[in-house]
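Novice: The following block contains the structure, expressed as structure tokens.
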Amino acid sequence: MQPSRRTALAALLAGLLVLAALVLESVLSTVVFAITVAYVLYPFRETVSGYGYSGRVAAGAATAAGFLGVVALAMPLAYVLYRRRLDLLAFLGAIPERIVVDLGAFMYVLETAPLLRTAEATLRSLAISLAAAAPVIALKLVVFVILVYGLLLKPNAPRVAALRLCPGEYHDVLFALHRRTASTLRAIYVLQGATAVATFVVALVTFAALGYESPFALAVVAAVLQFVPVLGPSVVVVALAVVDLVAGNAFRAAIVLVVGLILVGFVPDAVIRPRLAGGATDLPVSVYFVGFVGGLLTLGAVGFVVGPLVVALLSETVRLLSNNGAPTQQQLPGLGADPDPTADGTPPPDTDDEAAP
């Protein structure tokens, strides 16, 4: 491809990417999340394809596996809430209008009526908001599934386009960033699962030691809510403290609030996750934690993936800049004798007969 043509196409692509980001702002986080999930599911897609199945079947199987994984993640929490719904309603109905907290020489009377009215109004507003947002959530889920399937159906298309636009002497940079992206994303998702398991173990021991009924169910809820980092498990701890306070057990309420917030809410994200990340993502613990917290606070839920990924790519770029070796021209895996990317040509034809969405 001639340099002038490459430059024009690169400028056009950059402009269209900016325009797409503006037009698709409402689903931009869904798009980013779908891209990261497709990266993680790609090895599974290749495994299915290796058994002789077509690219369409392999992409569909990988997409279905990812979808079922998300459903499997939500099912334990939904099941526990469904099984305990009557207990929850009975608890809310049994809350007295006044709660007397006896702390030895001190006695404090807590008026619950205003709090209950506020909680009722908040829950009603939340239910209305969720009902109104249900169609939007469903549409985003459809967009997510279609994007993941399309990316897995034509996995080489974005890389081929990047190689066509990039001069041959910089192909090693593209491949280095691609490898770092793939390894970091897979490590992040595996790391999130490992952190959830660690949260389950810590929560199970903590709740059992404090004498709560059904510590296993409580630990399952805390582990699932760990996918909402920091805040998620803390909700369980605060709820238990409120239950103990209503029951007149102020001592255990204070204990679970202090011990639970530290062990269940803080330790998994501040201690366990960074230590696991040091080996899994090949990043220093402090650097990973900065990326994780910064991404979470800036971008919301999707930031727990994007933050560490950006930090990892920055680290890889610094490594490339510090490498004084001569650049090595590499070839896209699986393309065989691919034409010289500096020549004017088109990507090799794909065997799949359906274009990606």
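Here the Cβ of each residue, glycine as well, is placed from N, Cα and C on the backbone.
Unlike curated records, TrEMBL annotations are generated automatically.
Worth saying up front: this structure is predicted, and the values here are computed from it rather than measured.
OK, TrEMBL features for this one:
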type	residues	note
REGION	326-357	region 'Disordered'
TRANSMEM	58-81	transmembrane segment
TRANSMEM	88-110	transmembrane segment
TRANSMEM	130-152	transmembrane segment
TRANSMEM	187-210	transmembrane segment
TRANSMEM	216-243	transmembrane segment
TRANSMEM	250-267	transmembrane segment
TRANSMEM	287-314	transmembrane segment
Novice: How about the transmembrane segment (58-81) and the transmembrane segment (216-243): do they have 3 or more C-beta pairs under 8 A, pairs 6 or more apart in sequence?
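Specialist: The transmembrane segment (216-243) and the transmembrane segment (58-81): touching, yes.
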Novice: Please determine whether the transmembrane segment (250-267) and the transmembrane segment (130-152) are in contact (criterion: at least three Cβ-Cβ distances under 8 Å, sequence separation 6 or more).
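Specialist: Stretch pair does not touch.
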Novice: Can you tell me which parts of the same chain pack against the transmembrane segment (187-210), counting only residues 6+ beyond its ends and a CB-CB cutoff under 8 A?
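Specialist: Answer is 36, 40, 216, 218-220, 222-224, 226-227, 233, 236, 240, 252, 255-256, 259-260, 263-264, 267-269, 272-273, 276-277, 280-281, 304-305, 308-309.
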